[in-house]
Amino acid sequence: MEPKHPEITIVLATGNKDKVRELKPVLEALASGIHVRSLHDLGLDIDVEETEPTLEGNARLKADAIFELVAPRLDWFIALADDTGLEVDALGGAPGVYSARYAPVPEGVARTYEDNVRHLLSEMRGKSKRTARFRTVIAMKGRLPAANGSAVEIEETTDGHIDGLITTEPKGNGGFGYDPVFAPEGMDRTFAQLGIDEKNAISHRGRAVVAAAKRIGEYLSQCGIQ
């Protein structure tokens, strides 16, 4: 009979359902008995303000906040947070850390994906240089049960990126965010025209998640959890 391992939860520090949909399948395949939960699943409602000037800083900020919130509730868990930015060369790397809040909107009005896409295309009007890249940084903070009964502390980051071009108009109905106007390098389709599995196999977030999953897997192996 296989030994029963302590319950371990990976808490996705996001309220973005689209991100959860992309992250969950990769993390659920890590090991048996690993539970992947979003903040909504745990009945938590927190919005961490992204005040850091880098993707790394914002990802750590969110992972730290979720760790403090979850620590009294769960014995063994990993808080996993990400921050993603679109870096457009012709715009000096903008929108970067401001990607989610790029378009100017009136106070009190909710900013939409479409607002950001329209603003980006407006800023890119007439520009021949359309190279860009998506970058995702994932921060992990948590604790796992060591074989000797103590705790293994986790605190680190992984990252992933993909180069591509900004199209002149939106194409495709899939994905989210800037996906309709980002064509990965070497492809004549945008992220929004790819299936979710095809996108995850090459995307910045997919690459960062794979790197994070590898590190988590190494920690689990260290703790004797398969």
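Glycine is no exception: its Cβ is also placed from the backbone N, Cα and C atoms.
The C-beta environment of ASP83 (active site, proton acceptor), restricted to residues of the same chain at least 6 apart in sequence and closer than 8 Å, consists of GLU50, LEU55, GLU56, ASN58, ALA59, LYS62, VAL97, THR136, VAL137. Under the DSSP three-state reduction, ASP83 (active site, proton acceptor) is assigned to strand. Marked as active site, proton acceptor by Swiss-Prot: ASP83.
Look at Swiss-Prot and you will find THR14, GLY15, ASN16, LYS17, ASP18, LYS19, THR84, PHE176, GLY177, TYR178, ASP179, LYS199, HIS204, ARG205 tagged as substrate binding site. Within 10 Å of the C-beta atom of ASP179 (substrate binding site) sit 23 other C-beta atoms, taking all shown protein chains into account.
For GLU49, ASP83, the entry in Swiss-Prot reads Mg(2+) binding site.
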Which of THR14, THR84, the listed binding-site residues, has fewest other Cβ atoms within 10 Å: THR14
Which has the fewest other CB atoms in a 10 Å radius around its CB: ASN16, ASP18, GLY177, HIS204, the listed binding-site residues? ASP18
Within 10 Å of the Cβ of GLU49 (Mg(2+) binding site), how many other Cβ atoms can you find? Include all protein chains, please. 9
Do you know offhand how many angstrom separate GLY177 (substrate binding site) and GLU49 (Mg(2+) binding site) by C-alpha? 19
